[in-house]
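Following: one structure in structure tokens, then a few remarks.
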Amino acid sequence: MEKWSLMTITVLLALTVRWTVSLGSYSGAGKPPMYGDYEAQRHWQEVTYNLPIRQWYFNTSDNNLLYWGLDYPPLTAYHSFLCAYIAKLINPDWIALHTSRGYESQPHKLFMRTTVFVADLLVYIPAVILYCFSLKETSTKKKASISCVALCILLYPGLILIDHGHFQYPLSLGFALWGVLCLSYDWDLLGSVAFCLALNYKQMELYHSLPFFCYLLGKCFKKGLKGKGLVLLTKIAGTVVVSFAVCWLPFCTDMAQIMQVLRRLFPIDRGLFEACMFSSPPPRLANIWCSLSVLIKIKNIVSPQTQLKLSFAVTFLSLLPTCVKLTVQPSLRGFKFALVSCALSFFLFSFQVHEKSILLVSIPVCLIINEIPFMATWFLLVSTFSMLPLLLKDGLLLPYAVTMLAFLSVCAASFSIFEKTSAEDLQLKPFSLSLKGYVSWFKSFPKIVRSLFLLSVTLMGVLSLASAAVPPPQRLPDLFPLSVSVISCLHFLLFLVYFNVVILWDSKNSRTQKKIS
């Protein structure tokens, strides 16, 4: 009873923070002609309600794809239609065809904010709560209480600022989290359905697809492909096919419909830097390609097709070790760490990444915050910092500062993170044992890690203040966004190395995988 009381207080606090942030500005407020993501979501409601399904993804006189045309999978379109149906009952002007473009009013803002709030309440927050309760079997006295873990996850500033500030729905991440939760209870078919829903809401969930695939395939291998494993594999394959068929059924009337939707979802002809076109050069995205473009103008010397091949090759090579390890030694712990590593590889090296895509890495990191609280807290702070140029553009400086400080304070109090910096606490003990002469170097390891963390936080604080208050030099107008991107990218590269070391040298997987078979 006490646990549920604490969890209720945790949820109420998280909801209060979300609603407070939602009272502020949003993406593109009062900035015609394109406005921002808020208008994109409203426009999709306008299109899906007023036009037949066959026109949703096609360029017509009533659906100008250059003005926030639908570029997400069918589940996003269905959700937009549902919101539009409710909006029509309240005020038809909100979704009137053509005349509602750029519609802004306080009642409409309240409605749109409420739709995000409801999505959080129905999908994302319940998944977080149930996931935290699932940790009780493995928790020890050294780890924080369930309510503290839930509070840290629910107060992650990046997701709050993007969903309830900038404006975005948490449904794809929520569905993915439900998938992880189901797999943790060995409900493999339900987990497959949940992840299919996530993937059919946003195609960026491909970042998580390989860990799901490799983990389930590894389980089938362990059960034996001549017996129970083959049965499980057949059931999973059938579940995935049926889930996709149901989601895509209205678009399966002819092949032209399917191909048009796919072209909208994967516009590879736009090139490697498509996601950076919305910002003035140099780009503000903290991945390797945009950071390298400061020194090497890749898009000027490499064709779009070569960019695609290069991006694919580097991404594949960075994913390969983790995926092989997870397939050979499937474990729930390895699966969660693989979600982090694979998503981070996609963010750093894949094609057409947006700065908000770092959330696809951050949510899996939230899932392991009770295992590596120091590194997880550090990563989650950096991930929010990497979106600073976008947040400043949306007028979210104050919510950014307050939520960052609150999150750091809660994590420090819940996990005593500065006491969890030894090689064992950081899951690096197996790696340290494999190094010759490790003893002398690792004695000072905790002190080194704490110093680097304090240096990193100080640097992020100084750059945040400078970006908000100091005019950049006239000759270098993009100095601060560029600095944020490059510094964040360097952090992410180091984190990628760290997570891969933890995964590849993890001795716990070999002990826990027996439970699967």
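Every residue, even glycine, has its Cβ placed from backbone N, Cα and C.
Those TrEMBL annotations? Automatic predictions, nothing curated.
Positions annotated as signal peptide by TrEMBL: 1-24. Annotation source TrEMBL lists transmembrane segment at 110-132, 144-162, 174-199, 229-251, 334-351, 358-385, 397-418, 452-470, 482-505.
Between the transmembrane segment (452-470) and the transmembrane segment (229-251) there are fewer than 3 Cβ pairs closer than 8 Å, counting only residues 6 or more apart in sequence, so the two stretches are not in contact.
Only residues 6 or more beyond the boundaries of the transmembrane segment (334-351), in the same chain, are considered here, and those with a CB under 8 A from a CB of the stretch are 180, 183, 206-208, 210-211, 214-215, 268, 272, 287-289, 307-308, 311-312, 314-315, 318-319, 322-323, 325-326, 357-358, 360-361, 364-365, 367-368, 489, 492-493, 495-496, 499-500, 502-503, 506, 509.
If one looks beyond the transmembrane segment (397-418) by at least 6 residues along the same chain, the residues whose Cβ comes under 8 Å of a Cβ in the stretch are 17, 20-21, 24, 143-145, 148-149, 151-152, 155-157, 160-161, 165, 369-370, 373-374, 377, 380-381, 384-385, 388, 391, 450, 457, 464, 468. Counting residues 6+ beyond its ends, the transmembrane segment (482-505) has Cβ neighbours under 8 Å at 282-288, 290-291, 294, 318, 321-322, 325-326, 334, 337-338, 340-341, 344-345, 347-348, 372, 375, 379, 382, 385-386, 388-389, 426-428, 430-431, 434, 456, 459-460, 463, 467 in the same chain.
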